[in-house]
Structure formats: C-alpha cells, structure tokens
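**Student:** Handing you a structure now.
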Amino acid sequence: MNISRSAMTLLRSLLLPLIALASLSGSPASGAEKLTVFAAASLKDALEAAGEAYASTTGTRIVFSFAGTSALARQLEAGAPADLFFSADQHWMDHVARAGAVDPATVAIVATNSLVFVAPGNQASPLALDKHAIDARLGGGRLAIGEPDSVPAGRYAREALTNLGLWSAVEAKLAPMENVRIALATVARGETPLGIVYASDAAVEDDVAVVASIPRDSHPAIVYPAAATFEAQEGAVDFIAFLKGPEGRKALISAGLQPVD
C-alpha cells in the first residue's frame, strides 16, 4: 500500500509539469497574432471588410496602414515594419521589389479598377468627354486628381486625359492631391466641381455622383498587386490567398473592385 502511494505520488510529480506544459502549448495564440498591412488608400473599404472576415475565420488580426502608394513604398524602403504591401499599380510594386523591400516570388494581382469623373452629389448631370464641356463644368474651379508624378490614380488620369486629347485643356486647372481619397473628399465637400477617381472610390461615397466613365483603353490597366515583405510572419501570404476566395472576392466586389483569379 505504501509502495503504491509512493508510486502515485511520483507519477503525479512527473505528470503535473507535462500537463501544465500541454495546457500552455494548447492555449489559443491566434488572439495575439496580427499582421501589419500597408495598403493603397483606394483599397480601404475592401480590405477592412476582408480583414474582419479573415480575423473571424483565422483568429489573426490585421492592422492596416492606408496611404498613398508612393508614400507607403518609400516607408518600406526606409525599413518600416510590415508584413504585406498592397500597391495601386505595378510601377511601385516593381520599385519596392528592386529595392529589396518585398519578396518578388509572392507578388500577386488581387483586383482591377477603372476611372470615373465625379461631381458633388447635387450636380449629377452627365459630362461629355470634350474640352468645351469640361471647361464649362469647371468654370473657375479646379479638377481634383491624385498627384500625377507620384500617385497611381493621378498617373492613370494623366495618361487617360492625354490619350483623349484633354490634358492640355485641364493641366493648368488641376488640384493635385497626395492620394485619391483626398481628391474624392475634396469633391464630396464641394470644394472642386470635378474630380477623377477610381470607380471603387465613387461607389463608397454618397456625396458624389459619377458623371462620366473614362474608357479603359485610354490608360494602362489599373491593377492592385500585393506581396509579402522578406520580414513577413509565416503565413502572411494566406491573406492574399483569402482575397481570391469567396469571402475575399465578396469584399472586393462590394467595394466596387473587380477580383482577379
């Protein structure tokens, strides 16, 4: 009996540390896990919705930093910590890949977009894409666009206007902004009579009206490539894959974007 009790005591002393260790290792770590994502401002609505769905599915929380693509690219170049980068064009993705800030092997295009002219919501009459109509609509006001030399939306707008023969008519009347969402907000507040933004931006802003669609063949295809950084946590690319699945595609479509398989 005494031997049996001693054996039980010894067994308990051996098992308790193992049970405690198993308890710790079995604790759900996902609540503390997070990914840091740098993303173009025009992806805000889509990625926030997708991020919530991803968190509820996987337990991994996503912290977003939304800004102009060029500003985010420069932050990554300077060593800012992030797991994923979503660019509003291929140019800046190529730039950060050359700089060694993202892993080129992980680059994937997740969505496409288009350009539209927008006006304040109470000025919704259609706009003809000719110099006289645009000049008349602007009056003494300005055309809000992304900064053409650095912001993808502005670069696309400049190429479209050039190919449509309209750039020379509006170049002196531009109100260039540091990202496309600021251009959108400027029109929504009635501070400018017209703006050129992505169709997805117009889709989520109630205080603007789309007055003209810009032909897709007037500018390079608008694509959103995503990639993981070399310092990304293991599994970071799973969020990119999630965007190509049913819930991710739903979030992109709801925000006015076109998913890419």
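Backbone N, Cα and C atoms are what each Cβ position is placed from, and that goes for glycine too.
Because TrEMBL annotations are produced automatically, they should be read as predictions rather than curated entries.
Since we're looking at a predicted model, the values are computed, not measured.
Heads up, here are the entries from TrEMBL:
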{"type": "BINDING", "residues": "Ser42, Thr69, Ala153, Val180, Tyr198", "note": "molybdate binding site"}
{"type": "SIGNAL", "residues": "1-22", "note": "signal peptide"}
**Student:** Under DSSP, is Ser42 (molybdate binding site) helix, strand or coil?
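**Tutor:** Its secondary structure by DSSP: helix.
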**Student:** Listed molybdate-binding residues Ser42, Thr69, Ala153, Val180, Tyr198 - what's their greatest C-alpha to C-alpha distance in Å?
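**Tutor:** Overall maximum Cα spacing for these binding residues reaches 14 Å.
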**Student:** List every residue in the same chain as Tyr198 (molybdate binding site), at least 6 positions away in sequence, whose Cβ is under 8 Å from its Cβ.
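**Tutor:** Sequence-distant Cβ neighbours: Ser42, Asn113, Ser114, Leu115, Val116, Ala153, Val180, Ile222, Gly256.
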**Student:** When you measure from the Cβ of Thr69 (molybdate binding site), which residues in the chain that are at least 6 apart have a Cβ under 8 Å away?
**Tutor:** Ala40, Ser87, Ala88, Asp89, Trp92, Val151, Pro152, Asn179
